[in-house]
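Per Swiss-Prot, active site is recorded for Ser184, Asp366, His419. Taken from Swiss-Prot, the feature disulfide bond applies to Cys88-Cys331, Cys252-Cys266, Cys290-Cys297. Swiss-Prot lists Asn109, Asn350, Asn382 with the feature N-linked glycosylation site, giving sequence analysis as the kind of evidence. Residues annotated as signal peptide in Swiss-Prot, with sequence analysis given as evidence: 1-29.
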Amino acid sequence: MANKYVSSVLKSLLVLLHLVFLSKQHVDSASIVKSLPGFEGQLPFELETGYIGVGEEEEVQLFYYFIKSERNPKEDPLILWLTGGPGCSAISGLLFENGPLTMKLDVYNGTLPSLVSTTYSWTKTSSIIFLDQPVGTGFSYSRTQQFNKPSDSGEAKRIHEFLQKWLGKHQVFSSNPFYVAGDSYSGLVVPATVQEISKGNYECCNPPINLQGYVLGNPLTDYTTGSNSRIPFAHGMALISDELYESLKKTCKGEYTNVHPRNTQCLKFVEEFNKCTNRIFQQLILDPLCETETPDCYIYRYLLTTYWANDATVREALQINKESIGEWVRCYYSIPYNNDIKSSMPYHVNNSISGYRSLIYSGDHDFEVPYLGTQAWIRSLNYSIIDDWRPWMVKNQIAGYTRTYANKMTFATIKGGGHTAESKPEEASIMFQRWINGQPL
């Protein structure tokens with residue numbers, strides 16, 4: 001009787017161990033993707049997709065796209081790319097900003113949209129992990145309803161955990177120079193993530209991540225500084241009159257966002273400002289404000305991506321888990337999220353003290369996060385200038401302006417650029433390649 005009981009217990013334990021093994025296999029799934037629906041032929045680069053579980057029970061499943069450098073992946077830098085939002089899929093970076101593929105701009109006719117190769121991919125000289133985060137973004141999901149609500153500071157910890165596990169399974173990249181990069185809202189999360197990785201390198205984690213620095217494009221950094229820069233930017237771009245600008249300066253005294261209710265004069269002029277600018281395309285003021293469904297609209301490609309990413313053959317090729325979220329959306333803006341970092345400037349200071357390099361770039365026609373606000377917070381850090389304001393060139397033409405500081409921070413504008421690198425892909429790529437290779441812009 002006792003033997004039967006022991007035998008029964010052992011069988012139960014074996015079943016449980018088998019289930020745990022399958023669960024771990026499921027959590028840590030990764031697939032090499034040789035071809036993608038919509039792209040003709042084999043992919044001309046190495047693509048891996050997969051999930052890494054984070055959290056106490058690995059309940060949060062973070063989906064990633066990993067593309068190896070086309071030059072020398074054994075030695076080239078490894079970049080982690082975080083798209084803004086929060087809640088915007090990493091596909092935005094991969095297909096529209098710095099990846100080796102993009103959508104072909106054809107009128108949608110009910111068939112699967114096509115993909116084409118790009119010329120100015122950052123993966124020419126760097127390997128990039130494009131990460132869907134926070135949970136609920138892109139193809140990332142939770143296996144239970146019991147998980148902590150994502151937050152800026154919490155994401156820094158989750159991303160660090162993701163990296164530790166990812167590098168544990170890709171140890172060939174553990175010694176590569178590592179950088180965290182992103183744009184827009186990631187201006188709050190990336191500096192915090194860099195600090196978290198740096199802290200982990202000293203306190204807990206072996207082997208340490210070979211962290212070298214970070215890259216940020218048009219980064220949200222400080223809510224007040226960023227918002228207050230919109231009015232001087234609008235004046236400089238001839239979107240408002242001299243008279244309105246002078247009235248705003250006089251009555252608001254530089255505070256255009258959190259205006260006191262009793263300051264009725266300021267509120268009146270702010271309303272006039274809004275009337276002058278509310279029909280401007282915020283992300284690139286030179287482009288028309290148009291409907292997504294219009295094929296000649298700049299953002300029509302986003303609609304095509306939605307059709308592509310929701311196709312069953314695409315999901316199968318990417319090896320998307322069936323228990324993942326249902327419909328894929330490029331940006332899930334209603335994602336439950338706690339915006340608990342109001343300013344990332346203290347993180348920039350700490351990262352500078354730790355000696356990390358940084359590249360901060362701004363498209364100079366972005367109205368969402370104007371370059372003036374970015375210049376203002378960088379200036380407030382009060383680091384000495386070692387290479388003063390000068391043009392940087394592409395093909396003997398001015399591509400933007402740059403300045404380098406003693407804390408290893410390089411600031412650059414991209415002339416004619418918008419909120420993301422997709423508006424000026426050649427200039428953005430050349431800027432990145434020069435900086436990542438340690439060359440002056």
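Yeah, the Cβs are placed from backbone N, Cα and C, and that goes for glycine too.
Just so you know, of the disulfide-bonded residues Cys88, Cys266, Cys290, the Cβ with the fewest other Cβ atoms around it within 10 Å is the one at Cys290. Of all the recorded positions listed here (Asn109, Ser184, Asn350, Asn382), it is Asn109 whose C-beta has the fewest other C-beta atoms within 10 angstroms. For the pair Cys331 (disulfide bond) and His419 (active site), the C-alpha distance works out to 15 angstrom. Counting every protein chain shown, the Cβ of Cys331 (disulfide bond) has 17 other Cβ atoms within 10 Å.
For Cys88 (disulfide bond), the nearest of the recorded positions by C-alpha distance turns out to be Ser184; the candidates were Asn109, Ser184, Cys266, Cys290, Asn382. Closest to His419 (active site) in space, going by CA atoms and restricting to the recorded positions Cys290, Cys297, Asp366, Asn382, is Asp366. Residues within less than 8 Å, Cβ to Cβ, of Cys252 (disulfide bond) and separated from it by at least 6 positions along the same chain comprise Val259, Asn263, Cys266, Phe269, Val270.
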